[in-house]
């Protein structure tokens, strides 16, 4: 087996960048980083080696030599970016992901999709203050059967629809005792709900949307169909194919939670998984661990699902272990920790506490 094949066999399980001093790399030189291989000593690979491994793992094929060379240049820039992220976010592991041949603008357009805007739809409530004295130290809705398997939005800015359906899936589970995968494509095709004060800021399929607007649409239209009855295509549909006789989950009400982590945790435990917006700047290079960057903007651009929290997930140098949130993403199981992301609690890192919503479900009378 040649050297690349040998490295690739372990690359699938473990591929990440460890810290390298900035003096090691000049922008004009080939990037050399270290790769941890199967628990052995780190192996030194060039950027060409990494790109070959990347193409094999993710099945990347480019239409021309020009496209190949361009993607290689983008890939090298993203290796440098991952190295910077590793320094700024040392409690997580950053490296090569399926997005490593995308520019930042391509990544934002294809894989994010939360629109800016904080105005509440007319039917939204402000969540009541809940008691927080007896919250469990650790909690995870995956352990209680309220979370469907990780999905994949593909190259479509529909993250908002996955965040909204995930919250309603959990709420419907609490209301009915049944976990049913709901249709994101229904929201992509049929939901054109607009911000109440910005008529041109509407849910717009692969071009973005808001979870609260999706809840407003779902409340008005009667609910959502099953995923299997209205399957996801990852494209904007030309027509809405809603069949109201096949609605299986309905919204009774939805609320916005204050920027208070104890209240967020209390609502999570009581009401099920929560729809959350976040800044995804560090997520393009995230491999695993608890992300707690020293610097991260709170400009929200990605919709995710908050499913749990832990009391002690990482320990900065000379400090005791710190708590973290557990987030379900919509980029497939090959990304992150089997499709999940951990981010530290305590400082509204990357805006994770800024736009949090809870939804309650009723049993649809037309459910099949």
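Keep in mind that glycine also has a Cβ here, set from the backbone N, Cα and C atoms.
The structure displayed is predicted, hence computed values, not measured ones.
What Swiss-Prot says about this protein:
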- 159: active site (ACT_SITE)
- 302: active site (ACT_SITE)
- 329: active site (ACT_SITE)
- 156-206: disulfide bond (DISULFID)
- 190-240: disulfide bond (DISULFID)
- 296-350: disulfide bond (DISULFID)
- 253: N-linked glycosylation site (CARBOHYD)
- 1-22: signal peptide (SIGNAL)
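The structure, with features from Swiss-Prot marked on it.
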residue : record                      : DSSP (3 states)
156     : disulfide bond              : coil
190     : disulfide bond              : helix
206     : disulfide bond              : coil
240     : disulfide bond              : coil
253     : N-linked glycosylation site : strand
296     : disulfide bond              : coil
302     : active site                 : strand
329     : active site                 : coil
350     : disulfide bond              : helix
Residue 296 (disulfide bond), number of other Cβ atoms within 10 Å: 22
Most Cβ neighbours inside 10 Å, all chains, among the recorded positions 253, 329: 329
Packing count at residue 206 (disulfide bond) (other Cβ atoms within 10 Å of its Cβ): 21
Euclidean distance between Cα atoms of residue 206 (disulfide bond) and residue 159 (active site), Å: 9
Sparsest-packed among the disulfide-bonded residues, when each Cβ's other Cβ atoms within 10 Å are tallied, from 156, 190, 240: 240
C-beta crowding around residue 350 (disulfide bond), within 10 angstroms: 27
Using Cα positions only, nearest of the recorded positions to residue 296 (disulfide bond) (206, 240, 302): 302
Other C-beta atoms that fall within 10 angstroms of the C-beta of residue 159 (active site): 28
